[in-house]
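Report on the following structure.
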Ligand SMILES: Nc1ncnc2c1ncn2[C@@H]1O[C@H](COP(=O)(O)OP(=O)(O)OP(=O)(O)O)[C@@H](O)[C@H]1O
Ligand SMILES: [Mg+2]
C-alpha cells in the first residue's frame, strides 16, 4: 500500500514494497547528522581501504540510496524548542506513570525489601564497632556473652541482607518484565493501528530501532540498573548520616572530599550525557541503514551498490564504535578517579582518626567502623557512572517511545460510528468537493466531485501522477480528504467503523503482499472464516485454480517470504482471489492486473465481468484492454475529471480518452 515512488530500476519492479520504499522516502544524506562530522569522512576513507573498494574518498554527503532518516533518533534534547522539550518530557513521564501504576503495590513491597537490605548491610560495620569496643573487654574478663551476641547479630544481619536482596531481585525482575511486556505490546499495537500515511513516512528501520535498541536500553535499566542505582543512592545517603552521627570531626574530614566528588560528577554527567546520546544516535543509524538497505536488497544487488552500501555502513558502524569508545573513555576516567578520591579520603581519615584515638576522643572500634562505612560510601559511587548512562539512555528511549505512542492515526476510528444503512451495503460512492494533498503545499486533488452509483464499474485513466491512486486511497480511507467528504451509501467514511469499512471496501494494488504460508492461507486472508471449498471457488472464479493446482503441493504450497516462490502475475492472481473471497461491496483495483500476461488478463477480465456484476468497482489501469469492461470511464488530469462517459462513446469522440486509446492501440502494433 505504499506510494510507489520513482521506481528504482528494472530489477526492483514488481518486487516487494520494501524495495520501492527507500527511493520513495529519500532525503539528502546530509540530514543524517553523522556525515556532517568531518572526522567521519576521514574514517570512511580508511574504512574504504579495508573493505577493498577502489573508489577513493567517497563523498558520503551525496545521496545514500537508503532512507536516510534525520529523525531516526531524535530525543527531547534535540527537538529544539523549550515547549517541545517540555512536552516530550511530560509525555514520557505520563507514559512512565501509566506503566508503573498497575504495579504500585508490588513496588511498595520491593521498596520495603530494599530498605531492609540496606539496613541489614548498614548494621555490619556498626556491629564490628560494638564488637571491638564493647565485647573484647568483657572477653578479657571471661565474659564471652557480648561477643557471642554481636557475632549472632552479625550473622542475622547477613541473613536478613540475603533475604532482602533475594526477595527484592525476584520481585523487581517480575515488575520489570511485566512493564517491558506491557510497553512492547503497546508499541506494537500502536504501530498496527497507525494509518498508512504514518508508515509511508516512518521508515521500517526506525520501527525496528524502536522495538530493539530503545526497548533494550529500557530493559537494561529495568533488569540490572534500577535496583543497584536506588541501593547506591540509599547507601550513600545513609552512610553519610551514620558518619556524622558516629563522629562529627571525622565526618568533616570526609566531607572535604565532597567538592572534588561533586565537581567530578558534574563533569561526568555533562560529558557523558552528550557522549551517550551520540551512542544512541549512532546505533539507531546502524539499525536504520541495515534494515533499509537490506530491505532493498534486490535493487542493491541489481545495480552493484554493495561496495557503496558497504562503505556507508562501515562509516556508520565506525561512528558507532567511536561514540562508544568516547563514552567508555569517560567512564574509564571517572570511575578510577572516584576510587583515588576514596582512597585518599580513607588515608586522611586513618591519619586523623588515629590521632583522635590516641587523644582518647574516639574509640578504636569507631575508627574501624568509620573505615568500613567509607567503603560502602565510595564503592557505589563508582558504579553510579554506569547506572547514570543506563538511566540516560533509558530516558531517551522512553522519550522516543512516548513520541511514537503519542502519534495519532491519520485516519482515526470514529468515536461514535454511524452504521451503514440496514441490509447489505449497496456501495454507492460519492466524493463531494474533495480537496487533498499529501503535503499542504502541493494539492493533488484541487476539488473533485464524483458520484459513483452502486453497482457501477468505473475505470480511472490518465497520465502517471494524475491522481488516480490518490482517489483510490481516499475511497478506501487510507487518507482523509483535507476538505470535502467521501461517502459510502450516504455515510461519511470518517463516521464508519473501521471493521465495517474494511469489510465493505477492499483495494487490490500491484504490490499485493503475500505472507509466508500456504496459498490457501493467503487467499483466506480475505475472509478468515472461509472453508477450503470457498477458497477453491474464489481461486476458480478468477482463473487462478489451474496454476495453483499445478503447484507442488497445490493449495498447501508454501509461497515463502513475500510470496517469493510465485511469479509476479501469480501473486496478483492470489491477491485477486483474496479480494474476491472478501466479497466487498466496493472493489478497487489499482493496477491489479499489470503483471499478468495477456491470456491471464483476458481470463481475469472475463471473470471480472461476473465478479463485478453486482458490486461497485473502481478499476485503474494503463492497459486499456482492462478498461473495456467498465460501464464508465473517467479521465483524470491534474486531479480533475476532464472526461466522463461510457468507453464506447468516448472512443468515438475526439477527446483525451480517444487519444489515449489511439496511442495504446499504436503501441500494440509497434
Ligand atoms: N505518499 C505520497 N506522499 C507524497 N506525495 C504523493 C504520495 N503519493 C502520491 N503522491 C503524489 O501525488 C500525485 C498523484 O499520485 P498518484 O499516485 O495518485 O498518481 P497516479 O495517477 O496513481 O499515477 P500512476 O499512474 O503512476 O500510478 C503525484 O504527483 C505524486 O507525486
Ligand atoms: Mg497509481
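Including glycine, each Cβ sits where the backbone N, Cα and C put it.
What TrEMBL says about a protein is an automatic prediction, not a curated fact.
Sequence annotations record features per position, and here TrEMBL assigns compositional bias 'Low complexity' to 1-57.
Annotation comment: TrEMBL describes 109-393 as domain 'ABC transmembrane type-1'.
Under the heading domain 'ABC transporter', TrEMBL lists 429-663.
The region 'Disordered' annotation in TrEMBL covers 1-64.
Same-chain neighbours of the transmembrane segment (106-132): 100, 146-147, 150-151, 153-154, 157-158, 160-161, 163-165, 167-168, 171-172, 174-175, 227, 230-231, 234-235, 238-239, 242, 246, 363-366, 368-370, 372-373, 376, counting only residues six or more beyond its ends whose CB sits under 8 Å from a CB of the stretch. Annotation source TrEMBL lists transmembrane segment at 106-132 (among others).
Away from its own ends, the transmembrane segment (144-164) comes close to residues 113-114, 116-121, 123-124, 127-128, 130-131, 134-136, 138 of its chain (Cβ-Cβ under 8 Å, at least six residues beyond either end). Residues or ranges marked as transmembrane segment in TrEMBL: 144-164 (among others).
The transmembrane segment annotation in TrEMBL covers 229-246 (among others).
Annotated transmembrane segment per TrEMBL: 252-269 (among others), in sequence order.
Cβ atoms under 8 Å from those of the transmembrane segment (331-352) belong to residues 249-250, 253-254, 256-257, 260-261, 264-265, 268, 272, 367, 370-371, 374, 377-379, 381-382, 385-386, 389 of the same chain, restricted to positions at least 6 beyond its ends. The transmembrane segment annotation in TrEMBL covers 331-352 (among others).
What TrEMBL records for 358-374 (among others) is transmembrane segment.
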In the same chain, which residue numbers or ranges, 6 or more beyond the ends of the transmembrane segment (358-374), come under 8 angstroms Cβ to Cβ?
124-126, 128-134, 239, 242-243, 246-247, 249-250, 254, 342, 345-346, 349-350
